[in-house]
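What Swiss-Prot annotates here:
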type	residues	note
SIGNAL	1-16	signal peptide
CARBOHYD	Asn108	N-linked glycosylation site
CARBOHYD	Asn114	N-linked glycosylation site
BINDING	Thr116, Gln151, Arg253	substrate binding site
CARBOHYD	Asn133	N-linked glycosylation site
SITE	Gln173	site 'Transition state stabilizer'
ACT_SITE	Asp174	active site, proton donor
ACT_SITE	Asp195	active site, nucleophile
CARBOHYD	Asn302	N-linked glycosylation site
CARBOHYD	Asn323	N-linked glycosylation site
Amino acid sequence: MLFFILFLSIISPIESVDQRIHHPSKCDHLSKFPTKGFTMVLKVSLNGCGRFKRVQDAIDASIGSSQSKTLILIDFGIYRERFIVHENKNNLVVQGMGYSRTSIEWNNTTASSNGTFSSFSVAVFGEKFTAYNISFKNTAPAPNPGAVDAQAVALKVVGDKAAFYGCGFYGNQDTLLDQEGRHFFKGCFIEGSIDFIFGNGRSLYEDCTLHSIAKENTIGCITANGKDTLKDRTGFVFVNCKITGSARVWLGRAWRPYARVIFSKTYMSRVVSLDGWNDMGDPKTQRTVYYGEHRCYGPGANHSKRVTYAKLLSDVEAAPFTNISFIDGEEWL
């Protein structure tokens, strides 16, 4: 009974604020989302359609260490803030209005935030975080070739069992820090220039667009996987994705000695460099990395000039990686 009273006291201000809105028609779109199954529903809006104007405030108002789900609805707009989903804020579901219509933007860099891992616009440490139809952007200027400390992370995800559906990730160098944990990305748009998906997560990317904005006369890179030891179960897998852009990229480079990256049934445009992969200046990693391609197609998928340590995988070899079982998704998705 005490919990029930506390819960009512938390949600009643939201209801009372919504009732005071003078122009309810402009806010109808926020009332069309199904809320069944959520213990709490919080609304964020720059236009007076919710209790909060900042996403961080809504996250802070959610119940900590909860076994039930909280829904955070984020209205149209550009939210110029940096927010953190702390470790005790689990089971959050964040719903935007479309990744081209709802975005979180900040502009830190490695230099301005004392390290690449701290340069994020958004960081997720809590478990079972889910985001729909929202963009995460780092708007720091594109670095010149050879620039030092210009890395700029849009999203850092550390919490286990995180999923992103129809989301956008925008930056230049080091856009998406897929640091650790099991993660699922479905129908997302990911843009960057160098190492724009990096970290040591165990993650499946399905039906995503990977868009290179590397500068002309340079070679960018999509992935920099951080698998450090043979026993790690981590790696990045891309299934039914599309690689586009305006300048050449490698599929991956060996940030750590046991880097593991697989592309399956992915369209590769001409932006993919003919050699495909890079050892990051350390030939020893050629014996330990696991770089695989499986049934990929398009002008960038020609394997005839690939580096010798890249693998063309058979259906049997690819099978352990190309479905949600790679991330134990049948247990949590």
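Placed from the backbone N, Cα and C atoms, the Cβ positions cover glycine too.
Location within the structure of each feature annotated in Swiss-Prot.
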residue: Asn108; record: N-linked glycosylation site; Cβ contacts under 8 Å, 6 or more apart: Arg82, Ser118, Ser119, Phe120, Ser121, Asn138, Ala140, Ala152, Val153
residue: Asn114; record: N-linked glycosylation site; Cβ contacts under 8 Å, 6 or more apart: none
residue: Thr116; record: substrate binding site; Cβ contacts under 8 Å, 6 or more apart: Thr110, Gln151, Val153, Asp174, Leu177
residue: Asn133; record: N-linked glycosylation site; Cβ contacts under 8 Å, 6 or more apart: Gln95, Gly96, Met97, Gly98, Tyr99, Arg101, Thr102, Tyr165, Gly166, Cys167
residue: Gln173; record: site 'Transition state stabilizer'; Cβ contacts under 8 Å, 6 or more apart: Pro143, Ala150, Gln151, Ala152, Gly192, Ser193, Ile194, Asp195, Phe196
residue: Asn302; record: N-linked glycosylation site; Cβ contacts under 8 Å, 6 or more apart: Leu274
residue: Asn323; record: N-linked glycosylation site; Cβ contacts under 8 Å, 6 or more apart: Leu204, Val239, Gly329
CB contacts for Arg253 (substrate binding site) [other CB atoms within 10 A, all chains]:
25
What whole-number value in Å do you get for the largest C-alpha pair distance within Thr116, Gln151, Arg253, the residues recorded as binding substrate?
18
Inside 8 A of the center formed by the CB atoms of Thr116, Gln151, Arg253, which other residues of the chain have their CB, for the recorded substrate site?
Gln173, Asp174, Ile194, Asp195, Phe198, Ala224, Trp255
What is the total of other Cβ atoms whose distance to the Cβ of the residue listed as 'active site, nucleophile' is within 10 Å?
25
For Arg253 (substrate binding site), name the DSSP secondary structure in the helix/strand/coil scheme.
strand
Let me know how many other Cβ atoms fall within 10 Å of the Cβ of Gln151 (substrate binding site).
27
Conformational class of Thr116 (substrate binding site) under the three-state DSSP mapping:
helix
